[in-house]
2 protein chains.
Amino acid sequence: MRKVFQEELTQVGDQLVEISRLVSEAMDKATTSFEVADVDLAQDVIAADARIDFLQNSLDERAIDILALQGPVASDLRMIVGSLRMSASLERMGDLARHIAQLARLRYPSTVIPESMTGTFKRMAELDQEIADKLTVLLETRDLEVARDILKANTAINDLHLSVFKAIAAPEWKESPATTVDVALASRYFERFADHGVSVAQKVTYLVTGAWQPTGTEHS
Amino acid sequence: MRKVFQEELTQVGDQLVEISRLVSEAMDKATTSFEVADVDLAQDVIAADARIDFLQNSLDERAIDILALQGPVASDLRMIVGSLRMSASLERMGDLARHIAQLARLRYPSTVIPESMTGTFKRMAELDQEIADKLTVLLETRDLEVARDILKANTAINDLHLSVFKAIAAPEWKESPATTVDVALASRYFERFADHGVSVAQKVTYLVTGAWQPTGTEHS
């Protein structure tokens, strides 16, 4: 009985890793479609998001079954409840990758971002990709050094996000209103993606150490 | 023992109602501060959000204690897990009210929204307020007629949100880039607030009937 239970816990952990991998892949494709205006790739990301949603639901059902049938306590219980929350954050990261792909599709055959901003967005995309990849590693290894890297990458993204809003408000900004809004929303999507990544990293940290970083992150 | 357990479940339900009330109050003040550029009121909302976050944490701790100590099954278990999710959605609604108040504070002493858009935003604010108020009623009464009203209000908000983005993209739009971004973000905050309200309404529906509306709502 005990052995079955441990296997079930392991399966929940594995499923989180699988979702995290799919999120990372989605973000990779989404940012490429966004940077080079590849509408087919954007379409892939949009279609593949359903799979992430499905896996999230299936993980949640499994977690609830474990709660019902095994009545886990202490660290096992924290792990199950933590998994429910992490799966919700990962699912939202998948949604944000989809939003980025949807922007790419909406503006195709143009690119979303004006020339002057491509460097900034390229850097944000790289940092988000780093966060997504490291999240998978963190979920597999629980190496808290990796969690710290994720927090660092998030700080860099926040700075870039602020710089985008400053650029938009500056007198030199001459883009159309539609482009201006695209830039603002895209920047927000990249920033939110990182924030949800931090949420997951904090939950792993909590499961390992019993202490959160003081949160201070946004979830909306 | 059984009686204590039922009391604990009731307390979780009561705490959800309390958070929902605070969210509704926050949205009321946030939209007023936003409409009339009242920086003191905006400040109130921003400060009061910490209380919502605190109550969410305390509800979650209580729910996890119940899971650990009582090992609830079947509908009680669903209720506890559902509460964890609903508290997360309500907390995000509080964040969104805070974001709206932060926009008001940022642009003070100006208003955030240009003259031509005040009617649209007034209507969005009213619909969000309706959703917040009805959510409290729904959590108290579990009357699914109220859940349907929330879904209807959300559809109306989605239409208004689209109309805002159309207006921004139209050739007649002459506002500054900063105002354009404010309008786009504010519209998104109002739309997200409603979406999270729908999430909560769907969870209550699920707890009462065992069936979700097919979700199709966004959470990011």
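The backbone N, Cα and C atoms fix where each Cβ goes, and this holds for glycine too.
Automatic, uncurated: that is what TrEMBL annotation is.
Model confidence over the domain 'PhoU' (A:17-103) is summarised by a mean pLDDT of 95. For A:17-103 (among others), the entry in TrEMBL reads domain 'PhoU'.
DSSP states for the domain 'PhoU' (A:122-204), grouped as helix (H, G, I), strand (E, B) and coil, give 74 helix, 0 strand, 9 coil. Under the heading domain 'PhoU', TrEMBL lists A:122-204 (among others).
Note: the domain 'PhoU' (A:17-103) comprises 82 helix, 0 strand, 5 coil (DSSP; helix = H, G, I, strand = E, B).
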